[in-house]
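These notes are about the structure you will find just below.
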Amino acid sequence: MMEEEESPTVKGQEECLTVNHGKVYEETETKRGGLCGLLSEPRDWFRMIAKDTHWSFVFGVVVVYGTSQGLGGGIGKVASDYYWKDVQKVEPSESQIYSGITSLPWMVKPLWGLLTDVIPIFGYRRRPYFIIAGILGVISMLLVSVHEKLHIVFALLSFTAGSAGAAIADVTLDACAAQNSIIHPSLAADIQSLCGLCSSIGALLGFSISGFLVHLLGPKGVFGVLCIPASLVFLVGMVLDEPHIPSFSYTQVYRKLINANKSMFATLRCGAVWRPCLYMYLSLALSLNIHEGMFYWYTDPKAGPAFSEENVGFIFSFGSVGSLLGVLLYQKVFKDYEFRGLLFWTQLLYALSGMLDLILLLRLNLAFGIPDDFFVVIDEGVSQMTGRLKWMPLLVLSTKLCPPGIEGTFFALLMSIDNVGIFTSTWGGGFLLHFLEVTRLNFDNLWLAILIRNMMRLSPLVLLFLVPKSDPSSPILPTELLKTKESGKTQEDENIELVSLVRSTQ
């Protein structure tokens, strides 16, 4: 739908204000120099965003992306690995399956997005959903932490509820970021950079201290600590600046949901859309995940190198550094390359990087005089970097597939498809470990699982015909899907989600 066109005078005033604001900011930065200027620049950047949006939005970004997903996600990842291994004492294949189950809430991100977008609670579209997310996180983490002998079913339900809370908070804040990017278009890039920066720094810090926390408090004690990030998410819901909707017609909800679904399915029927979607799913699903098998071997005192909790956290922190380097490398070098050619080389590098796991497992690194501690850090860093290089073009391609009017909703749908692919990969890896009889004490066939995984990573190369040859600057959608609907109504600017290309997740 077309928005009402502003008068040239208003537009000129807005452009003038934007230019003047930029000049003042540049002049201020020019006057500063040396170490003092370097330290004050990030502070001024935060102040600029907080002034134009609202301090509560910046607080929400720091809490949700930095503290909850980044810091809490890094700590929770290591703690959950040790929880399934040492507390519940399950096999690697079972732990792999349970990990897939807890990711289910992320597969229905469009549902959370539709709820927060079209169904306000007590007159607010965002604040109540942050509160619900925080409550889910606190209760689930407390249950796992406090209960002495929690049955495995209830433990799984608790982890899934905590994952649902994180997914709801993620989608809700993405909607806030989208709104602020529309209201303040000159800050759109700064907002996304802020999201990516908080997420990356939080994950790096989380993985860095995760091993020490698990060693000092144990896995259950760490989950008690993770109630703090969830409580902060609850606090975001209490302080977020959001206009109140005094009267809302809930009879319109059904119509809005039907219209959104019709638009999405009409887009998916287009060959230029469903073919890349199919490739994205298969490229993720076929890259089998055997992380739990490797983790059990890492920490085994007889068959493996017997890494301590601190070592494991340190290894994963280097993985975060590798992931960040992958983002920077894509941004600086590869962002203008055509999709098909870039995906060919990144997928090939991703498959080859998996051979480092095989070298470590067979202890060939020791034959060359390379210690396990050093080699595993290189292995994790290279693996995460190549994985991120493979993932970044898919994210950019996803943004090119979103038609006007339902960009946020459709992007959330594409991310759900990707999450289903990751779920398939996780379960597929779990079944592979079970089939090869890789257990808590038997790692005889783990080398074969690694080899099969690496060969499977090569299989998406034969599916690249599904991906367009175009580069990121060229349109992919047909002309009829790019046309906006002409109407007297104002286009709703509250599309569900605007995900940063810098963030990961998984």
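Every residue, even glycine, has its Cβ placed from backbone N, Cα and C.
The transmembrane segment feature in TrEMBL is assigned to 129-146 (among others).
The transmembrane segment annotation in TrEMBL covers 152-173 (among others). With a threshold of 8 Å between CB atoms, the same-chain residues lying at least 6 positions outside the transmembrane segment (152-173) that come near it are 60-61, 64-65, 68-69, 72-73, 76, 80, 83, 88, 90, 98, 101-106, 108-109, 112-113, 116, 126, 129-130, 132-137, 139-141, 143-144, 230, 233, 236, 412, 496-497.
Away from its own ends, the transmembrane segment (194-216) comes close to residues 46, 49, 58, 61-62, 65-67, 69-79, 82, 177, 222, 225, 308-314, 316-317, 319-321, 323-324, 327, 500-504 of its chain (Cβ-Cβ under 8 Å, at least six residues beyond either end). Here TrEMBL flags 194-216 (among others) as transmembrane segment.
Sequence annotations record features per position, and here TrEMBL assigns transmembrane segment to 222-240 (among others).
The transmembrane segment annotation in TrEMBL covers 278-299 (among others).
According to TrEMBL, the feature transmembrane segment maps to 311-330 (among others).
Taken from TrEMBL, the feature transmembrane segment covers 342-362 (among others).
Contact count against the transmembrane segment (342-362) (Cβ pairs under 8 Å) is highest for 278-299, out of 129-146, 222-240, 278-299, 311-330. Same-chain neighbours of the transmembrane segment (278-299): 81, 84-85, 92-93, 95-96, 99, 305-307, 312, 315, 343, 347, 350, 357, 361, 376, 390, 394, 397-398, 414, 417-418, 420-422, 424-426, 428-430, 432-433, 438, 440, 443, 446, 449-450, 452-453, 456-457, 459-460, 463-464, 466-467, counting only residues six or more beyond its ends whose CB sits under 8 Å from a CB of the stretch.
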